[in-house]
Amino acid sequence: MLSNMYWTQAGSVMATIMFIYTMFMRLVPSTLQTRIGRYSKKFSSFVYPYIRITFHEYTGERLMKSEAYTAIQTYLSEHSSQLATKLKAEATKVKDTSIPLILSMDDNEEIIEEFQGVKVWWGAHKITSKTQSFSLHPSYSDDKRYYKLTFHKRYRSLITESYLKHVLEEAKAIEMKNRQLKLYTNTKTKWSHVILEHPATFETLAMRSKEKEDIINDLVKFKSGKSYYAKIGKAWKRGYLLYGPPGTGKSTMIVAMANFMNYDVYDLELTAVKNNSDLRKLLINTSSKSIIVIEDIDCSLDLTGQRKKKIEKVERGEGEGSMKRDDEDDEDRGSKVTLSGLLNVVDGIWSACGGERIMVFTTNFVEKIDPALIRRGRMDKHIELSYCCYEAFKVLAKNYLDIESHHLFPKIEKLLEETKMTPADVAENLMPKSVDEEVETCLHSLIQALEKFKKDAEKKKAGTERKQSNMQESKGIEKHGEGVEANVIH
Ligand SMILES: Nc1ncnc2c1ncn2[C@@H]1O[C@H](COP(=O)(O)OP(=O)(O)OP(=O)(O)O)[C@@H](O)[C@H]1O
């Protein structure tokens, strides 16, 4: 009964409002309507002189995560832990293990910060949906989260121009600092990744310091070369060819490069890629700030005579078009990636999709590689990784035994000059076999291994020399025999 009365009253109020509104729109001239609107706005802004900007987590119908929201989240997680009273904690794998948790503002929490003496309010909000939907999107939930920024209207231009720019820039810097590097591997056309947590750095890389410095300088120059590359009209990419025997540190150097540059690594397994168009798809789907690696390039490409001829044609400039048709034929026959396809990608594909990419090819047999693939301009820097020298050994001794000098070092230096042992083998012999193994024992075990290597190499050398002289001898006998026969005939 009571509720009936309530509904009747509410209905009549609504009807009255609608009536007044309709009369207002009909009878009051439009100029007066605008003026009244302006005054009412002024009145409300006088009562509430603040501006609010909201940043929603998802934008558009395709549920794309908003970049602005992510950036603000990063920015606030750094600032809110000092200011907010309600925080939420998430586990993280940031490199600095002294910060095992990321703290950020909890839902419905607000913080106040100052920018150039002006106060701004940040609020983290959530709208919980009453209806449950089942989304396949892994990170999507029914809750709609957003950040709300509030500031006095007097500072509109300061906040919208300078402050928001500052927030985005700082978020980028924080992201770079806390970035977890990823190691991507490919199937036919897709990349999947794991977190790259390899500790190799240039400091732990065993090689001559002069060569190391040279590579570091080259990387630094590349990283800061955005405007230079734009000026000369080249894609912002650089190619490195790493060559040398197995176990000399080619893969280790790639990780050191990634850690130094803070770049992800895409380990491209060419033999898993069906054809050139799949290769293109894969490479277009790599992100900026990354190293794309093709290991053992000499084993990854099927270079039949036919294909080699095609490359030679292209290199002589006899028609890109004809090459493309040949490639399409290859693809129709379901063949693997061709050298020409790879060359196309290395040369130009990234010009279209932004820069800052490094391409690394590795090989154990540099002489086997088609010169077209590694000419300067494609592979800008050729780096040889070789057998362990004394300088490289000292780096390994520091890494594995934490020593910089020892009375056995001169003996090791001499043996390293007389034999060829890879850094991988030196490292293996240096490594303590038990927790309490003494430094001296480790060094002795390396000396023994080096002496054995030397002896084996000498034996091998003597063996091949003997073989060669036997062959020469038998050739000489044959020749002599032929001569005798010839004499008989004549
Ligand atoms: N120059 C080096 N500095 C530090 N460690 C090295 C170096 N070279 C080799 N090692 C050690 O040996 C192991 C094997 O080296 P790595 O895989 O980098 O060699 P590689 O040249 O890539 O070999 P492959 O040609 O067989 O792929 C590494 O895990 C590392 O521990």
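Any Cβ shown, glycine's included, is placed from N, Cα and C.
Annotated in TrEMBL:
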- 6-28: transmembrane segment (TRANSMEM)
- 236-389: domain 'AAA+ ATPase' (DOMAIN)
- 314-335: region 'Disordered' (REGION)
- 314-326: compositional bias 'Basic and acidic residues' (COMPBIAS)
- 458-490: region 'Disordered' (REGION)
- 458-468: compositional bias 'Basic and acidic residues' (COMPBIAS)
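Residues of the same chain that sit 6 or more residues outside the compositional bias 'Basic and acidic residues' (458-468) yet have a Cβ under 8 Å from a Cβ within it are not found.
When the compositional bias 'Basic and acidic residues' (458-468) is classified with DSSP, helix, strand and coil residues number 11 helix, 0 strand, 0 coil. Per-residue pLDDT, averaged along the domain 'AAA+ ATPase' (236-389), amounts to 78 for this model.
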